[in-house]
């Protein structure tokens with residue numbers, strides 16, 4: 001029996017150069033009505049799931065002055081970190097279920113869980129209640145929404161995969177822009193409970209839209225392959241990608257969680273400091289779409305590696321900034337540079353597996369990232385308590401550098417030629 005998964009030499013042979021023209025039979029547009037509707041639904045899915053998670057920095061600052069004022073910054077950050085752990089850790093299961101049964105039932109289940117978690121969070125008054133509702137339950141729901149959205153778009157698009165994934169993942173950036181503004185305005189006006197309930201009412205029609213529009217292409221229906229083969233997760237390139245992204249995620253979200261508190265520690269304007277998360281995510285929106293266009297031209301790995309290295313460099317220079325103008329420039333630069341690290345990880349995984357195995361492959365990679373998401377921010381919290389923001393910036397920066405190095409090894413493992421499209 002022949003092996004259905006190509007070895008590295010076959011994969012490398014099929015990787016084109018930067019200038020290679022697509023075959024004539026690939027000139028037909030991939031942007032069909034079904035695919036465009038899937039992009040719309042997936043965009044809303046990312047806006048409501050990861051986009052809302054990106055706004056945790058507002059809760060971090062709010063909790064430290066209100067209902068969790070007796071807890072340390074590190075313990076509060078565990079709420080966000082455990083949410084990310086559940087978000088990525090649950091993707092292994094949701095990826096398997098997506099490949100087995102299709103996205104519909106998973107999206108409906110995840111949407112119900114997310115909305116229920118929001119209403120439960122609005123009633124919380126203690127740390128353990130917030131841990132169960134906001135960190136655990138909401139994280140599980142988000143994992144069931146996020147992965148099917150990414151997998152379905154990867155199945156719809158091949159030539160424009162980088163662009164299409166960049167568009168939908170930019171939904172999380174837009175959420176990271178809008179949700180902090182909404183939260184900041186409502187928390188001071190109507191209180192914590194009704195603020196979170198308002199978020200749930202906003203997300204309800206958006207999640208309904210994503211459940212109705214995200215459909216897998218007919219060629220990748222759930223009945224096509226009933227017996228799933230887990231051998232794809234043992235691909236050496238996929239393993240190296242997972243290891244590289246593990247180190248990347250140790251430092252990736254540090255600025256997302258701590259840029260507001262860093263600005264306030266400098267004595268800068270509190271009101272403007274709260275909008276830094278929105279500024280960072282606004283830059284990240286462009287950083288997720290534009291690198292996707294470039295990746296379709298030169299390859300996902302050829303964009304991911306420099307983006308990780310540049311993000312690490314910016315992190316290492318973090319504490320050299322001491323003015324509000326400098327902090328804003330920092331947010332813009334890091335948001336744009338780090339955007340590709342989020343939007344292109346699915347495209348990198350899709351290079352080495354078959355389309356009907358995208359779910360299990362991406363779920364396996366993201367489940368490894370869940371460990372980094374769990375420990376990364378609390379480690380930074382402990383470093384902050386002992387060595388200040390300089391220690392935090394160096395730890396995060398070097399973690400990103402290590403991740404870039406490992407992904408560089410994966411890239412040249414696929415194709416050694418410098419100018420190859422990988």
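Cβ coordinates come from backbone N, Cα and C, glycine included.
Residues annotated as domain 'Major facilitator superfamily (MFS) profile' in TrEMBL: 34-417.
According to TrEMBL, the transmembrane segment annotation covers 35-56 (among others). Outside the transmembrane segment (35-56), and at least 6 residues removed from its termini, the chain residues within Cβ reach (under 8 Å) are 79-80, 83-84, 87, 107, 114, 141-142, 145-146, 148-150, 152-153, 156-157, 164, 167-176, 178-180, 183, 199, 203, 206-207, 209-215, 217, 256-257, 277, 281.
The transmembrane segment annotation in TrEMBL covers 76-98 (among others). Tertiary neighbourhood of the transmembrane segment (76-98): same-chain residues 49-50, 53, 56, 59-60, 63-64, 68, 105-106, 110, 130-131, 134-136, 138-140, 142-144, 146-148, 151, 228, 253, 257, 358-364, 366-367, 369-371, 373-378, 380-381, selected by CB-CB distance under 8 Å and a gap of 6+ residues from either end.
Long-range Cβ contacts of the transmembrane segment (105-128) within its own chain (Cβ-Cβ under 8 Å, at least 6 residues beyond either end) map to 45, 48-49, 67-68, 71, 75, 94, 97-98, 134, 137-138, 140-145, 148-149, 192-197, 199-200, 203-204, 207-208, 210-211, 214. Positions annotated as transmembrane segment by TrEMBL: 105-128 (among others).
The transmembrane segment annotation in TrEMBL covers 134-153 (among others).
Sequence annotations record features per position, and here TrEMBL assigns transmembrane segment to 165-182 (among others). Same-chain neighbours of the transmembrane segment (165-182): 39, 42-55, 57-58, 149-150, 153-154, 157, 195, 198-199, 202, 256, 274-275, 277-278, 280-282, 284-285, 287-293, 295, 335, 339, 342-344, 346-347, counting only residues six or more beyond its ends whose CB sits under 8 Å from a CB of the stretch.
Nonlocal intrachain contacts for the transmembrane segment (194-216), taken as residues 6+ away from its ends with a CB within less than 8 angstroms of a stretch CB, comprise 34, 37-38, 40-42, 44-45, 47-48, 52, 102-104, 107-108, 111, 114-115, 118-119, 121-122, 145, 148-149, 151-152, 155, 179, 182-183, 186-187, 222. As annotated by TrEMBL, transmembrane segment applies to 194-216 (among others).
Same-chain residues lying 6+ beyond the ends of the transmembrane segment (237-260) with a Cβ under 8 Å from its Cβ atoms: 8, 11, 54, 56-58, 60-61, 77, 80, 84, 176, 273-274, 276-277, 280, 308, 311-312, 315, 318, 327, 330-331, 334, 338, 341-342, 345, 348-349, 351-353, 361, 364-365, 368-369, 371-373, 375-377, 379-380, 384, 389, 392-393, 395-400, 402-407, 409-410, 413-414. Annotation source TrEMBL lists transmembrane segment at 237-260 (among others).
The feature transmembrane segment is assigned by TrEMBL to 272-291 (among others).
The transmembrane segment feature in TrEMBL is assigned to 303-321 (among others). Same-chain residues lying 6 or more positions outside the transmembrane segment (303-321) and placing a CB less than 8 Å from one of its CB atoms are 162, 244, 248, 251-252, 254-255, 262, 291, 294-295, 327, 329-330, 333-334, 337-341, 344-345, 348, 389-390, 392-394, 396-401, 403-404, 407-408, 411.
If you look up TrEMBL, you'll see 327-353 (among others) marked as transmembrane segment.
The transmembrane segment annotation in TrEMBL covers 360-381 (among others).
Under the heading transmembrane segment, TrEMBL lists 387-414 (among others). Within its own chain, the transmembrane segment (387-414) is flanked in space by residues 8, 11-12, 15, 236-237, 240-241, 243-252, 254-255, 258, 262, 265, 301-302, 304-306, 308-309, 311-319, 348, 351-352, 376, 379-380, 420, 422, which lie at least six positions past its ends and keep a Cβ under 8 Å from the stretch.
Residues 72-75, 77-78, 80-82, 84-96, 99, 147, 150-151, 154, 228, 230, 232-233, 238, 241-243, 245-254, 257-258, 345-346, 349-350, 352-353, 392, 395-396, 399 of the same chain lie 6 or more positions beyond the ends of the transmembrane segment (360-381) yet place their CB under 8 Å from a CB of it.
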